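Reading through the structure tokens given below for one structure.
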């Protein structure tokens, strides 16, 4: 298109009236469908293709016009725009007369101002025509072609609907206040239907559904919201009525599982699981547990596949393998054993230069302690001190299990004793090297060779005699030969090549545990592998928790502990048992799972033992021997190890007639609840190194509960043994008191036969037991009914005197018979 080419006018339809505007662009350039108003203000008309809206706005051309020209024609433009609005308003009323008048008025106005209008238009075109001429034809052709392609593929109804949406978008975009019905035809490609929107009528959801409707039948009927709602409800009912296909799952079943947990694992209703259990004859609710076999039957009946898992697998995480390259030399762990007062504690005092013996009672170590001694050459030795009384055999056994070397202390002036033999047996069972320290060599009149000979009897043979046991004479008091003892320990440890990995999660053994007011649970542990750090989560037996603080044997707080280092830790939820293995785990959940598993195992074991005891009691009752007495006890101690030792020793007391029952045992002072339990069960409360609280003492006085305090264990055991002995039935024994020879028989009226007798030995008493012998054969055993001296009744007749006797309910007596007289004596039994 050239500059001289004439531009044909374009019709713009307003209602039923047509108003001819000058200077529209050629229809072939549909991309620039716009109308120049009087003052060159551009009125944009959107040229839309169905499904693809293309709008080319020439506002830039408008903005680039001479601002002075626009201002001069502003008033004229407003007048023309007002006429257009009136025309649109009249088109709604469908008044042909008014529409015709407006049309004529517009034509007259057009002719009057044509010259000015033409000059303004020519100037605008002249300024911008050169810039857009090159692209105009190409853009317009492409748009028209796209419109034709898309229009041919879309139904007429849908075209009109989308055209409506386009028109609404135009109004919204350009802020047209009054909405006249417009009809615009561009090359007969797109027809915009007439739309009448009253100002008072609001836009509703139904209008949106109507515009977006895919109805191709051309019905044109608007669907109501109620109809749409009914259709949605129908779809919902259809979905609900469809039964979902059941999903069969693979269920992992542990050794014990709750009914509710099983239902969740299978995604089944709890009621269905309970029904299956009822079919198997089991009545259970959702909170109860069932065994793995029953759970497998239920899951199989419901169509699921089952995978059995051992609950003990939770402890597999505690298994750690050390790499050879990670191993490092560690300090030896030495256990000191021996008899009471043979000098074990004094030896430790001398080795670690501290005095702990002064606090002991009876020369006996009251609980296990662990100490680390650093030698002059920076080498270290860890010592574990076990008590010397046989009551602590179990504690010494645990000490032997964690030790590398055992030192058996023997007093040179006392020799081999019971605890010495016991310590030897523990060391042999542990399979560890033995060093015999012959103590107190500073005393006069000692015989070391005699000690060695006594040890030979127990297969403890020294190196000089071809054995593998080292004998070292020492004096703990005078500190004689202590350096030789240390050298022997280091020599054996080098031969053993003791190594452990300081890397990875720590593990070890519990040496001792207790509860201290203000500090909570205190646990002494020995690290055997890895490195224990503050903040680690550990599991020890059924106890677990986070390590809050670590204190070494010197009383200093430390941040980590390596192998062979004993430390006291805080943070466990309860008191573990001495000898329990401890392990560091990743998180508290793992520790809790392991603890719960171990608690269940302990309960099952306890139930099994209780069932066995009940069966034994039932058998005793069936046999008629139901005279079993019971001694209930409540034991409170300062440390957990003492509880185990006391309980173990008491339960070993032999008695088939007295059953010792420990109702409760714990660490800490005696409380009011302990007294209440003792009152209702008639138990004795025993406190070892602890005392009762004030309210507990008051309650004990009111309820007459027996509370006994002890600080030495063997005194406690002896007292309990005496109490049990007093509960035993006494032994009834015959005690011989004399013999009588029958010399003459007398028949007395109303009395019967009286035997004239002579007391040959001892003394006879009225009411005593008698045995009648004829030719040295016992023919009667009974009771002496009558004893007379001449005509007088007497209580007793001594040797060398004559008397008359008669038996109770027996008269077959003859001259020459011999009578043995005895008394029944009760003797108190001892355990």
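Every residue number used here counts from 1 along the chain in the order it is shown.
Using N, Cα and C of the backbone, Cβ positions are placed for all residues, glycine too.
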The annotated region 'G4' range in Swiss-Prot, which must be one of 427-430, 431-434, 435-438, 439-442: 439-442
Region 'G3' per Swiss-Prot - which of 377-380, 381-384, 385-388: 385-388
Intrachain neighbours beyond the region 'G4' (439-442), with Cβ under 8 angstroms and 6 or more residues off its ends: 342-343, 346-347, 409-413, 448, 473-478, 480
Greatest C-beta neighbour count within 10 angstroms, which of the binding-site residues 338, 341, 344, 441: 344
Assigned element (helix, strand, coil) containing residue 341 (GTP binding site), judged by DSSP: coil
Secondary-structure category, per DSSP, in which residue 441 (GTP binding site) falls: coil
